[in-house]
Amino acid sequence: MIAAGAKSLLGLSMASPKGIFDSNSMSNSRSVVVVRACVSMDGSQTLSHNKNGSIPEVKSINGHTGQKQGPLSTVGNSTNIKWHECSVEKVDRQRLLDQKGCVIWVTGLSGSGKSTLACALNQMLYQKGKLCYILDGDNVRHGLNRDLSFKAEDRAENIRRVGEVAKLFADAGIICIASLISPYRTDRDACRSLLPEGDFVEVFMDVPLSVCEARDPKGLYKLARAGKIKGFTGIDDPYEPPLNCEISLGREGGTSPIEMAEKVVGYLDNKGYLQA
């Protein structure tokens, strides 16, 4: 840490955090990260430069530094871009957190209990010392997806964006819980394809429309039946149930949110996601 009020160039030596780069099977320690830093006039930390104006080498794991690898490519409408590699990878972040990053994709009709399950699951994993984050379908429309409507093309883009963000969370080693109606199989399958095999866990809230409509926690079914909401899933727009989801849950039998969350946690534990 840089001492408060430091004005001159400082040499910082940051040893590898325990559990990231060290293992019980390795007796000799890995190399440390050495960064040359200084404090600017506004108090912010910046990298210092060599006399020739270049940024000094940042020694990293086993002597490797962040690199720009691979040819220039075109992805969608983005041209002349290159993927930037870094020596700290997903496996290192997972060791730091002692868990494996993945996406728990909770899908189902409005009122099926998706958000309730997501919160119960988040709390249960938190109590186990596991780092999670919820991407809730309504919440993301307050910011990231506030520019999207509920037209078919915008709903597809909504799911695509959430899938990409969820992938980043998983790559960071975090257990990401995405809770969205996501009515179309093609959109959900596209999100699944973004992640390595097994890292996308689809949880289907298999609750009948009649039960969801009877609950109607937001009053949306009533508005849809009155014709005030068009294209509402389950009323005048289809919901396509998963064909091969990892977990299927239903509350018609009186199963509590805690019991459902325990089932998901049990699945994650059995698959090895709750340890690095």
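Cβ from N, Cα, C; glycine included.
For the substrate site, Swiss-Prot lists D138, R141, R155, N158, I181, S182; matching the candidates G101, G219, G227, G231 against that entry yields G231. Listed in sequence order, the recorded positions near G108 (ATP binding site) (C-alpha within 10 Å of its C-alpha) are I181, S182, out of R141, R155, N158, I181, S182. For the binding-site residues K114, R141, the largest tally of other C-beta atoms within 10 A is found at K114. Put simply, of the recorded positions K114, T116, S182, the one whose Cα is nearest the Cα of G231 (substrate binding site) is S182.
Here the candidates are the recorded positions S110, S112, K114, T116, S182, and by Cα distance the one nearest R155 (substrate binding site) turns out to be S182. In sequence order, L117, I181, M205, V207, C212 are the same-chain residues whose CB sits within 8 A of the CB centroid of G108, L109, S110, G111, S112, G113, K114, S115, T116, the residues recorded for ATP being left out. Residues within less than 8 Å, Cβ to Cβ, of T116 (ATP binding site) and separated from it by at least 6 positions along the same chain comprise P257.
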